[in-house]
């Protein structure tokens with residue numbers, strides 16, 4: 001029998017077989033329940049497979065026209081770039097591990113630094129805009145700077161709770177480090193998909209483009225563009241969401257059954273991955289398709305605006321609205337897929353639980369998530385900067401970048417920065433997904449947390465009680 005939670009002296013019954021409901025002075029959310037194993041939303045999984053097969057067929061048919069050599073028939077030796085990239089990738093793995101270790105040592109300090117970093121960036125934007133004579137941009141920068149200051153002041157007291165969430169997530173990820181291997185696997189697949197799609201896009205774009213009688217004023221086929229954009233964003237969203245869902249399931253196992261989730265390649269990691277790509281895959285595809293359609297419409301509006309025929313303002317407004325809707329939907333999916341990974345809900349059922357979560361714990365969940373995301377972004381930037389610096393050293397001390405021609409130093413730094421940023425972002429994204437799972441689990445099953453991880457639980461409870469005195 002799980003331990004009851006006391007709210008201002010009143011015991012609250014345990015609503016969930018896996019743990020007690022977390023009660024606060026605001027309201028007590030209903031905990032999720034593990035669902036029977038079944039294939040949820042299978043029609044969307046089928047649509048995903050059809051999309052991939054269709055794009056492979058398109059790349060075979062239209063791809064050769066995109067792979068033509070230049071008119072001079074020249075070829076280049078890129079072996080130096082390949083060697084440099086391999087070295088930078090290996091070093092980036094080490095640097096990303098170092099970033100994770102630093103976050104474990106000084107998490108609260110990093111959260112504070114990242115919050116100040118956001119304020120400083122807004123201030124620099126304002127100053128640079130005014131100095132360059134761009135008054136409107138300067139005014140907007142001043143507004144964002146003032147908003148950043150107010151936000152920092154309001155959330156500063158929540159930093160200890162965000163820190164506790166971050167430490168708990170990193171502890172869970174560290175105990176099941178094999179989950180990062182799946183994260184990199186999906187990232188590699190995403191890279192292959194981007195190359196395949198790019199080849200298909202160029203080939204079919206050339207075939208579908210229509211021009212006037214003089215061969216000028218060419219316009220693409222917007223219907224074909226829409227389908228291509230939907231396909232690209234659909235698969236990309238599915239792959240990134242698979243990482244998110246796999247991490248959520250792993251953290252959930254660590255939360256409820258730590259004996260099954262205490263090694264690099266634990267059963268929790270492998271079982272969570274299998275659920276993600278089988279029974280939960282349709283739900284992931286469902287949510288990803290909605291975002292993909294919105295993103296495709298936004299890209300279509302941008303393409304039409306660039307071929308403006310007098311409706312530039314309307315298209316700009318449409319692009320802005322679609323961008324906002326897409327961002328909101330992505331944020332909603334981030335929480336919905338946590339419930340999919342934890343309990344095996346279908347997408348619509350998970351969505352209902354997200355609304356319940358935000359109704360009961362909305363701003364606290366958003367603030368904790370935002371503070372942690374700032375840290376992850378800052379650490380990724382720092383890792384990218386370090387890798388860029390190491391690539392510069394390689395450029396000075398070797399001839400790996402001699403094919404760059406003009407400014408090899410710029411090429412070296414850019415290559416190191418992008419690779420370092422990409423590698424570290426993948427690793428640290430697992431921590432971000434873990435934080436989202438911890439926020440949900442702490443709201444729904446604190447008794448299991450107290451029983452299985454008492455030290456971490458005590459820290460979470462203490463910091464939460466600082467925000468809402470007497471609530472726990």
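Count begins at 1; order follows the chain as displayed.
In case you wondered, yes, glycine gets a Cβ from its N, Cα and C as well.
Looking at 134-152, 248-266, the stretch flagged in TrEMBL as transmembrane segment turns out to be 134-152. Sequence-distant contacts of the transmembrane segment (281-300), counting only residues of its own chain at least 6 positions beyond either end whose CB sits under 8 Å from a CB of the stretch, comprise 39-45, 47-48, 222, 225-226, 229-234, 236-238, 241-242, 245, 319, 322-323, 325-326, 329-330, 332-333, 336-337, 340, 345-347, 350. If you look at the transmembrane segment (43-62), the same-chain residues 6 or more away from its ends with a CB under 8 A from one of its CBs are 193, 196-197, 199-200, 203-204, 206-207, 231, 234-235, 238, 281-283, 285-286, 289. Only sequence-distant pairs (6 or more apart) were considered; of these, at least three Cβ pairs between the transmembrane segment (375-394) and the transmembrane segment (414-443) are under 8 A, so the stretches are in contact. Only pairs six or more apart in sequence are counted, and the transmembrane segment (159-177) with the transmembrane segment (414-443) gives three or more Cβ pairs under 8 Å, enough to call it a contact.
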